[in-house]
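To start, the structure itself, in structure tokens.
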Amino acid sequence: MTDVNAHKVTDVLPEPTPPPAAGNGETQAPEISTGVSEIVRRWKREDLVKRGCLILHGLALVFSLIAFIVMASNTHGDWKDFDKYEEYRYVLAIAILSSLYTGFQVLRQIQELSTGKESFSRQKLALIGFIGDQVVAYFLLSAASSAVPLTNRMRENNDNIFTDSSVAAISMEFLAFFALAVSALISGHKLSNKSYI
């Protein structure tokens, strides 16, 4: 009777699986090469994003500097002096702020790309870039939008070098806004993907 029970227990147990046959390793090579190629693709994508952000900040810096220079030199005497209008003073102040911020970002990104070392952790850089780009972009949009009605009213009566210079400075601030808005979108994408981990 005990022999019958022992026989039943062994029938219930699954048969052990045989160990994999020793091979030449060719079956594992595609998995390793796929993993390596994925890592290389990710590095290239991250490098492209870093260079794209550098280009966008560089464009915003150029546009902000042009807006600053054009508005600061927009003094033609009498009523044709930017300093007499608070909207134009606001445009100048935000152009200075934007130039300082984007100049700092460009220098930091050039230093990081040339040395390969990041000044802060990736999480902090993504957060600083996202918040900074958004704040400065909205300041640029606010300043440019506040000066448009005044400039339009002036151009109805007198279309001269003063109003043309004002339009040029406002246009440069709009372009700087667009560059920083796209950069903020990229920074937001990096934050949402947590690609810094």
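Just so you know, glycine gets a Cβ as well, placed from its N, Cα and C.
Annotation comment: TrEMBL describes 1-10 as compositional bias 'Basic and acidic residues'.
Residue counts for the domain 'Casparian strip membrane protein' (51-179) under DSSP (helix as H, G, I; strand as E, B; rest coil) come to 110 helix, 2 strand, 17 coil. Residues or ranges marked as domain 'Casparian strip membrane protein' by TrEMBL: 51-179.
TrEMBL lists 1-29 with the feature region 'Disordered'.
Counting same-chain residues at least six beyond the ends of the transmembrane segment (52-73), those with a Cβ under 8 angstroms from any Cβ of the stretch are 82, 88, 91-92, 95-96, 98-99, 102-103, 105-106, 109-110, 113, 129, 136, 140, 165-166, 168-170, 172-173, 175-176, 179-180, 182-183, 186-187. The feature transmembrane segment is assigned by TrEMBL to 52-73 (among others).
What TrEMBL lists as transmembrane segment is 88-104 (among others). Within the same chain, residues 57-58, 60-61, 64-65, 67-68, 71-72, 74, 82, 132, 136, 139-140, 142-144, 146-147, 150, 166, 169-170, 172-173, 176, 180 sit at least 6 positions outside the transmembrane segment (88-104) and bring their C-beta atoms closer than 8 Å to a C-beta of that stretch.
TrEMBL lists 125-147 (among others) with the feature transmembrane segment. Within its own chain, the transmembrane segment (125-147) has Cβ neighbours under 8 Å at 53, 60, 64, 87-88, 90-91, 93-95, 97-98, 101-102, 105, 118-119, 166, 169-170, 173-174, 176-177, 180-181, 183-184, 187-188, 190-191, 196, counting only residues six or more beyond its boundaries.
Residues annotated as transmembrane segment in TrEMBL: 167-186 (among others). Residues 49, 52-53, 56-57, 59-60, 63-64, 66-68, 70-71, 74, 88, 91-92, 94-95, 98, 102, 129-130, 133-134, 136-137, 140-141, 143-144, 147-148, 151, 155 of the same chain sit 6 or more residues outside the transmembrane segment (167-186) yet have a Cβ under 8 Å from a Cβ within it.
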